[in-house]
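> Have a look at this one.
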């Protein structure tokens, strides 16, 4: 696995940098196409759900079934999966609570934007963008861990996960950029500020390396894989798909979900 170390770090870095790409996309005509965004979110969700259930969990079940029997393996994998979901739920609840207390709504952004000289506008919109950036940074650390640890074990699978997470990060970058743009009006500076959540992904990779990499054995690897699967399923079910459906292009979201699963399924079948 050491041969894949640099590759895994680079892959995680690229996935994180797509947040900054989202910040740039927010200022183009493509940033206004909600149908394309909805399809992309569905695509990312489909890819991550398929990888989780048909690759990571299946491999873990096979390994532990050989070691300790099917029943014990099912219990172990189920507890690890539910535990991972619970951890993400707590992180999501805390970050959402902080964001909800401090951010301004889309309606307030539009209202304040009508008054170009409003000090209240400048303060609220700047705070909205910065708080969103910090909250997303906390949220992105586990995603960096997912990408890094998967790429260490299986570079081809890591590429698929990095693409899925990268697609997911683009609308996050847009969410940070838009309120800051109404406040600062300086595009280059705003794109730099989107690097706050982007940097969290390679930070997650560094944490994974320091805590897990040198002490891994096969039991630990499989348990981490189940935990990674739970993270991706949580992100897909409770963030990507709800966001996609809110964009009022449900058919695009569904097609994206299906295409994401098909593409990853074909990739796994071809690469073995």
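For all residues, glycine too, the Cβ spot is worked out from N, Cα and C.
Okay, these came from TrEMBL:
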TRANSMEM  6-27  transmembrane segment
TRANSMEM  39-61  transmembrane segment
TRANSMEM  73-94  transmembrane segment
TRANSMEM  190-213  transmembrane segment
TRANSMEM  219-240  transmembrane segment
TRANSMEM  252-270  transmembrane segment
> Ranking 6-27, 39-61, 73-94, 190-213, 252-270 by Cβ pairs under 8 Å to the transmembrane segment (219-240), which is first?
39-61
> Counting CB pairs under 8 Å, which listed stretch among 6-27, 73-94, 252-270 touches the transmembrane segment (39-61) the most?
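So the stretch in question is 252-270.
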> So if I exclude everything within five residues of the ends of the transmembrane segment (6-27), which remaining residues of that chain have a CB under 8 angstroms from its CBs? That is, six or more out.
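Same-chain contacts beyond the flanks: 136, 140, 143-144, 147-149, 151-152, 155, 158-159, 162-163, 165-167, 169-178, 181, 187, 190-191, 193-195, 197-202, 204-205.
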